[in-house]
Structure formats: C-alpha cells, structure tokens
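Over in TrEMBL, the protein carries these features:
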type	residues	note
DOMAIN	5-39	domain '23S rRNA (guanine(745)-N(1))-methyltransferase N-terminal'
BINDING	C7, C10, C23, H27	Zn(2+) binding site
BINDING	Y66, E98, G99, H189	S-adenosyl-L-methionine binding site
DOMAIN	92-182	domain 'Methyltransferase type 11'
Amino acid sequence: MFECFCCPVCGQALIRESQTLRCSAGHSFDIASGGYVNLWVTNRTHAGDSKGMVTARRRFLDSGAYGFLLNRLCSETAAFLRGRGEKDPLIVDAGCGEGYYTAGIAAYLRRQNIPATVAGVDISKAAVRAGAKRGEEVSLAVASLFKLPLCPASVDIVLSVFAPVCGAECARVLKPGGLLFIVSPGSRHLFGLKEILYDDPYENPPNTYYLPGFRQMRQFSEKREILVRGGQMNDLFAMTPYYWKTPADASARLAHLPTLSTPLDFHVDVYERCEDDAQEPPVCEHQTHNQ
Ligand SMILES: [Zn+2]
C-alpha cells in the first residue's frame, strides 16, 4: 500500500520502508498511525471538509441512500478492468472525502477477485482520517487535487464524485485508454430539499468540462426518489453547499418537517484519455459540485 503515490515535492517514486515513504532525493513522509499519509506540502492551510461535515456525510452515506450510485460505479469499474486486463491496475478516487466510494469499490473488486490498487486523495485531513477508519485496503493521502501525488500515466481509472475536476492533472496521471468518471448533480438532484429551503428553487444547470487530451465516451444518469427521516435530513442538508447559505428561517422549516421526499439525480460523464497527446496544453478547471 501507498507505493502508488509519488513524492509531492520532486515527483519521483516513493518507496515504502516500514512506516515511512521515501523518494530517492530523500524527501520522506510518515504513514500516520490512522493508516493514511499526509502528502500536503504547500504552506497554505488545509481547507476542505471539517470534522462535523465529515461525520454528517458518513452517517448519511452509510445509511445506503446513495448505494445505487456506488453499485453502478462498482460495476462500471469492474467491467472496464476486466476488459482491460492490466496486471495491477490503479484506481484513484480524486476528492475521495471520507472514502465511501473508495472503500466500496475496493471491497467490490476484492469480492469479484479483480486485483487492483485503490487509492483516494482529498484535501481534508479529517475526511481522509475517517476514510482510513473504514478498514478497507485502500491507499489514502491528504493532498491537492490540483497537484496529484501520482506518477504520469500510472492510473487506469480516475473517479471524481462531486469533487473539483482538474483536467490537466487527470490527463497527466491517466494511462492512454484510461477512464475518467465525473459524477455531478443532475438537474433534479435534491430538488425536494430545495423546495423546502427556497421560495423559487432552480434546477441544476448541465455541467460542461474543458478536457483537452480526453474524448467523451458516453454519459448516463442514476436516479431515485428517497424519503429521508428525522436527523438524517440534517445530515443530508449538512452535505450540501446550501447548508452555508440558507437563511435561518428556511433551515427551521426543514427542522420541523417529519420526513422529506426528494429526487436523487446523479449525472455521470465518462471520458477516455486519448493516445494522441499532440493537443494544446490543458488547463485546470475549478468546479465544485453540491452533494
Ligand atoms: Zn522527493
């Protein structure tokens, strides 16, 4: 584990010696006792989800409400890896949060006897620490999505689930023929929640991505209607960006509801890393999705 990562300072491979990862230039990073590695090397302070947000998200996701999306990502991943036939493929969950999808996919591939290394990267130390507690064999690192600690052309699948997408980094780390799955909110995602919070709720606009070096293969949606009860409503609310920008009276309306019915609407774009690299230089695109 962890040897899929490269040195965030100089980009060379990291070799594991007991509980330390070291590159040939002598940069070293200790594996935390919690079972993850901190590869965050800039002077900027950490951003990302706080411990409270991580806890709310974990409680909600562990209820299984988004399990149908996880199942689809598992079957898509397994089908691609079976067809590809790589010996030890690498899957990276870029913006893994508290590891729900990372651990879920690793567990699924293990049950299917598909050998693979599964890694997750997130800017939030609280989230990565929580991910390591899931106990699944995944390599987790605190690091930037805009400077992934991964070697060029080393990854078979990059997953981006409600995370910022840096096309340039995805293009750099993916092998030719590798896939990028981008999961974003579809037009009706959480519309029932928005109807409670806002007088004039709007549908999510479609996402567009500028991804030089990629070709769009296909797109699909996964949709369900769910009924959310009690404290679970607040957990769901706390996962969304609305939590921070909703007036108190609207939040109170939600708090007084016994149940909430809302559509879940996930949109998935699948891109393939092109063989031909003679493209204009890619640029990063900051884009944040609501959960
Ligand atoms: Zn180094």
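Just so you know, glycine gets a Cβ as well, placed from its N, Cα and C.
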* **Lowest local Cβ density (other Cβ within 10 Å) among binding-site residues: H27, H189** => H27
* **Under 8 Å by Cβ from Y66 (S-adenosyl-L-methionine binding site), counting only residues of that chain that are 6 or more apart** => F60, Y100, L264
* Taking the binding-site residues Y66, E98, H189, which residues show a Cβ-atom distance to ligand 1 below 6 Å? -> none
* Structure fact -> Students should find that the Cα atoms of C10 (Zn(2+) binding site) and H189 (S-adenosyl-L-methionine binding site) sit apart, in Å rounded to an integer, by 41
* Asked: How many whole Å apart are the CA atoms of G99 (S-adenosyl-L-methionine binding site) and C7 (Zn(2+) binding site)?
  -> 22
* **CB-centroid shell, 8 A cutoff, Zn(2+) site C7, C10, C23, H27, site residues removed** => C6, P8, V9, G11, Q12, L14, R22, S24, A25, G26
* Structure fact -> Of the binding-site residues C7, C23, H27, the one whose Cα sits nearest to the Cα of H189 (S-adenosyl-L-methionine binding site) is C7
